[in-house]
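The block underneath contains the structure these notes are about, expressed in structure tokens.
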Amino acid sequence: MTVSQTKKNLSIETLRGVAIILMVLGHVIGSSSNNGLKVADDSVWRWSYYALQYIRMPLFTVISGFVYAYKPATRFNSNSTFLWGKVNRLLIPLVVVSSLFFFLQYITPGTNSKSELSEIWKIYLFPYAVFWFLQGMMIVFIIVTILENFNLLNRLSSALMCFIIAALIFVLLPFKLSFFSLTRVPFLLTFFLFGLLLKRFYDSVFKGAFIGIAAIIFLLAFGYQIFVFNTTVSRQLINLLTLCVGCSACILLIRLGFQNKKLTWLGDFSYAIYLFHIFGAVTGRILVGKLGINNLTVQIIVELAFGVSFPVMLRLLCGSNRTLTVLFFGDKIRATAIAKPVSGLKSPGGLFNKRTISN
């Protein structure tokens, strides 16, 4: 492993820490004045939410694709080995953690989107809270495995074509099919493939001229995004802005190569934070309510702190308890067989074998 490779890995881990903080902050504020902290549309916090809206989840998903490229499906002995690993990683926590959150909402007074017990089966098959991401990513991994088997992601030209097709479907053909969060799959697939492209063809993408183009696209798209704040725009335009702002921002952030030890450490807990931050945020919300704190900024800071720290503490407390780490975080039940690189071919690296959504 070269020095530059190590530096690049640390910068991705740092970005993962940034992405998870932005994601928790977004969920604390809420996507509209009807959820989260029910922040008013004319609040500076609502503006900040909107300003980061097309960066937050794209960055999180791009990093997943970037990290996947270190240990792709082709490195496993079989497709079933890889996909069963994803069932373990995604669907076990989907069932366990979403059930816990459902019951927490059911027994806690004043929570948002409370459902009847008879409807619990729906949370496993349809989008529910943050857990839509797990459903959607399972579909993405199935699609990516198929593309890998046809060698469509090995060359820049064919991989770029796959990305363009996914992006066109995402932007131009939005559809509503809520079963297993299929509606969100074009979004996830687009940015996952983009992250894979950035890693697998790093030297081809991160060139001076290309970085300059990305900067121009970001300034124009982000500027227009701010211009249409609090106005009604079409779904296609929203998706186009998401694509342009998200992709260009990710290129610039990865190229920046920023490293921070604290964020790198936090990034290692990103999957745990994604799964359990809502439990911490709810706890923080109850606390500020009991204390009678009405200052919005204080409420946001407290909920953000609880949303980030609770999952980290839970992960540390679970430690090496295999039963809990499998049920809560989708850790491996047993060691996964990985195919050895063919002699004469350069190994993809085998890095990032950590507690992330792409393992």
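Glycine residues also receive a Cβ, built from the backbone N, Cα and C atoms like all the rest.
These features come from TrEMBL:
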- 10-302: domain 'Acyltransferase 3' (DOMAIN)
- 12-30: transmembrane segment (TRANSMEM)
- 50-70: transmembrane segment (TRANSMEM)
- 90-108: transmembrane segment (TRANSMEM)
- 128-147: transmembrane segment (TRANSMEM)
- 159-179: transmembrane segment (TRANSMEM)
- 185-202: transmembrane segment (TRANSMEM)
- 209-231: transmembrane segment (TRANSMEM)
- 237-257: transmembrane segment (TRANSMEM)
- 269-288: transmembrane segment (TRANSMEM)
- 300-318: transmembrane segment (TRANSMEM)
Beyond the flanks of the transmembrane segment (90-108) by 6 or more, those residues with Cβ under 8 Å of it: 114-115, 117, 120, 123-124, 128-129, 131, 134-135, 137-138, 141, 275-276, 278-279, 282, 286, 326-330, 357
Any contact, the transmembrane segment (50-70) to the transmembrane segment (209-231), with at least 3 Cβ pairs under 8 A: yes
Residue numbers, six or more beyond the limits of the transmembrane segment (209-231), whose CB comes under 8 Å of its CB atoms: 41, 47, 50-51, 54, 237, 241, 244-245, 247-249, 251-252, 255
Of 159-179, 237-257, 269-288, whichever stretch has the most CB pairs under 8 A to the transmembrane segment (128-147): 269-288
